[in-house]
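Enquirer: Below you'll find the structure I mean.
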Amino acid sequence: MNKPIYKRILLKLSGEALQGDEGFGIDPSILDRMALEIKELIAMDVEVGVVIGGGNLFRGAKLAKAGMNRVVGDHMGMLATVMNGLAMRDALHRADVNAKLMSAFQLNGICDTYNWSEAIKMLREKRVVIFSAGTGSPFFTTDSAACLRGIEIEADVVLKATKVDGVYNCDPAKNPDAKLFNKLTYAEVIDKELQVMDLAAFTLARDHGMPIRVFNMGKPGALREVVTGETEGTIIS
């Protein structure tokens, strides 16, 4: 087996990735597969931090358009990410992987409050640390949270798991001739207006020199291939 090229990663999972073909909620089989793929990385001595979105359970921006206060909607979205985090922690524990769930705000009795030094300590002990509740502030996406936590824990890369094989020049679902990029610079992504993540998250990563790798988590074994340096997905640096 190839050696990992990253020592510490921040894995960003979208909430939608957890729902599978269900269209809503959490597909237990997908959750269990992801837990086993993360377990593989731990066995390779890779330190893993995880940020999960909440779009499979709740979308604050949609309700904001319907008249709900955006702050309230975003708070509800943050709680959805905590629910996903609880599910992921449970799946990891069932796979015999030590995992810790941290929330950006206090939720006594449910999970720990985010603490930077504690997170670093646990990562060094090869425990998976799941960061939930986004950044803890409204108006910021979970992509922003992933880049922020990645920078804070000094990860080597932010791995953005999606439903497509990487970054394309146009939507591959609408255009079968869409071209997949293997490598891009931050400037190219902005110039070509490619949809990698929202601009606030992307510029945060760019300003701190945090590489982003976009890949398809739907492909079994793709996470391991990304971490061992196979030409999987798109790298942005």
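Every residue gets a Cβ built from N, Cα and C, even glycine.
Dumping what Swiss-Prot says about this protein:
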type	residues	note
BINDING	K12, L13, S14, G15, G55, R59, T162, Y168, D171	ATP binding site
BINDING	G54, D74, T135, G136, S137, P138, F139, F140, T141, T142	UMP binding site
REGION	20-25	region 'Involved in allosteric activation by GTP'
Enquirer: Do any residues of this chain, six or more beyond the ends of the region 'Involved in allosteric activation by GTP' (20-25), have a C-beta under 8 angstroms from a C-beta of it, and if so which?
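Expert: For the region 'Involved in allosteric activation by GTP' (20-25), the sequence-distant neighbours (Cβ-Cβ under 8 Å, at least 6 residues beyond its ends) are 56-57.
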Enquirer: In whole Å, how far does the CA atom of T135 (UMP binding site) lie from that of S14 (ATP binding site)?
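Expert: Here the two Cα atoms are 15 Å apart.
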Enquirer: For K12 (ATP binding site), list the number of other Cβ atoms lying within 10 Å of its Cβ atom.
Expert: 29
Enquirer: Please find, for K12, L13, S14, G15, G55, R59, T162, Y168, D171 as listed binding ATP, the greatest distance between any two Cα atoms, in Å.
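Expert: Largest Cα to Cα distance for the ATP-binding set is 25 Å.
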Enquirer: Want to know which binding-site residues, from K12, T162, D171, are within 10 Å of G54 (UMP binding site) at Cα; which are they?
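Expert: Near G54 (UMP binding site) by Cα: none of them.
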Enquirer: Using DSSP, how many residues of the region 'Involved in allosteric activation by GTP' (20-25) fall into helix, strand and coil, respectively?
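Expert: Counting residues per DSSP class in the region 'Involved in allosteric activation by GTP' (20-25), I get 0 helix, 0 strand, 6 coil.
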